[in-house]
Amino acid sequence: MLHIGGKTFTSRLLLGTGKYPSFEVQKEAVNVSEAEILTFAVRRMNIFEASQPNFLEQLDLSKYTLLPNTAGASTADEAVRIARLAKASGLCDMIKVEVIGCSRSLLPDPVETLKASEMLLEEGFIVLPYTSDDVVLARKLEELGVHAIMPGASPIGSGQGLLNPLNLSFIIEQAKVPVIIDAGVGSPKDAAYAMELGADAVLLNTAVSGAKDPVKMAKAMKLAIESGRLGFEAGRIPLKNYGTASSPQEGMPAF
C-alpha cells in the first residue's frame, strides 16, 4: 500500500494527463493503468469554465484522487497562487509543487521549491514537491514536513531514464516519507528499475502519452512497476566479480 498524507492507495503508478492524442485514448490509458492518482497542470485546465471540455468530464472522479500541479510557475509566489486556485475549485487539497528554474532543461528551482513548499504547508496543503536528485535538498524538504518527495530521474519529457541511480538510492534510503520517482522515465525498464531501487511509486506522463500505443504502454508501465516492487521486496542476489555454480557439487561422480 502507498500512504500519502493520510490517504491510502493500492496502485504505485501515478499518471499524468497531458499530451494524449485524444480524450478517448487518454481515458482508455487511464483505465488500463489502474492508476488511482491522476495529475494535471492547473494552468492548462478550464476548471471554472463549464463550457470548455476537459479530461475530468471523461472520468468517474469517484475512482480517482486528483493531484493538481503548479507547472508553469517559476517562483514560489506563482506556485502558491496556482495551488490556491486548484484548492478553490474543490478538486483536492493535495498539490504537486513544480517550480521550474530553467526553461530549457525544465529542472526545478531548489530555492523557490523550498519556499513554495513551506508556504503551502502552512496553509494546510498535502505537499508533494518535484525536486532534483539532490540528496541534501530532499532531506531539507522532508524536514519542512512535506508528505512525499518527488525526485526527477532525468529532465521532464526527456525519456533518458535514471541518470543518477546512486543519488536516488541515497534519497530513498534516508527518507521517512514516500519517494515518488518523477520525470524522465521513458520505458518500462526505467520504471521497474526505479521500483527495484526501493522507490514507493513512479509518476509518468510523456512515456505513456507519447508512445506509439499509449494504451498498451500504460499496461506495460503498470506491470513494470508491480514487478519492480516485487523484486525489491524479494531482495536481489548480491553482485559478485566471479561466477558461482547454482548446481550442488556434492554427489558428483568421480572420473
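Backbone N, Cα and C atoms are what each Cβ position is placed from, and that goes for glycine too.
Noted in Swiss-Prot for the protein shown:
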| type | residues | note |
| --- | --- | --- |
| ACT_SITE | K96 | active site, schiff-base intermediate with DXP |
| BINDING | G157, A183, G184, N205, T206 | 1-deoxy-D-xylulose 5-phosphate binding site |
Work out how many Å separate N205 (1-deoxy-D-xylulose 5-phosphate binding site) and K96 (active site, schiff-base intermediate with DXP) at their Cα atoms, rounded off. 14
Which whole number of Å gives the largest C-alpha distance between any two of G157, A183, G184, N205, T206, the residues noted as binding 1-deoxy-D-xylulose 5-phosphate? 9
Residues close to 1-deoxy-D-xylulose 5-phosphate site centre defined by G157, A183, G184, N205, T206, Cβ within 8 Å: G16, P155, I156, S158, G159, V185, L204, A207
What's the CA-CA gap between T206 (1-deoxy-D-xylulose 5-phosphate binding site) and the residue listed as 'active site, schiff-base intermediate with DXP' in angstrom, rounded? 17
Between the binding-site residues G157, A183, G184, which lies closest to the residue listed as 'active site, schiff-base intermediate with DXP', Cα to Cα? A183
Identify, among the binding-site residues N205, T206, the residue whose Cβ has the fewest other Cβ atoms within 10 Å in this structure. T206
Three-class DSSP assignment, K96 (active site, schiff-base intermediate with DXP), comes back as strand
Where does G157 (1-deoxy-D-xylulose 5-phosphate binding site) sit in the DSSP three-state scheme? coil
Determine the Cβ neighbour count for G184 (1-deoxy-D-xylulose 5-phosphate binding site): the number of other Cβ atoms within 10 Å of its Cβ. 25
Neighbour tally for K96 (active site, schiff-base intermediate with DXP), based on other Cβ positions within 10 Å of its Cβ: 29
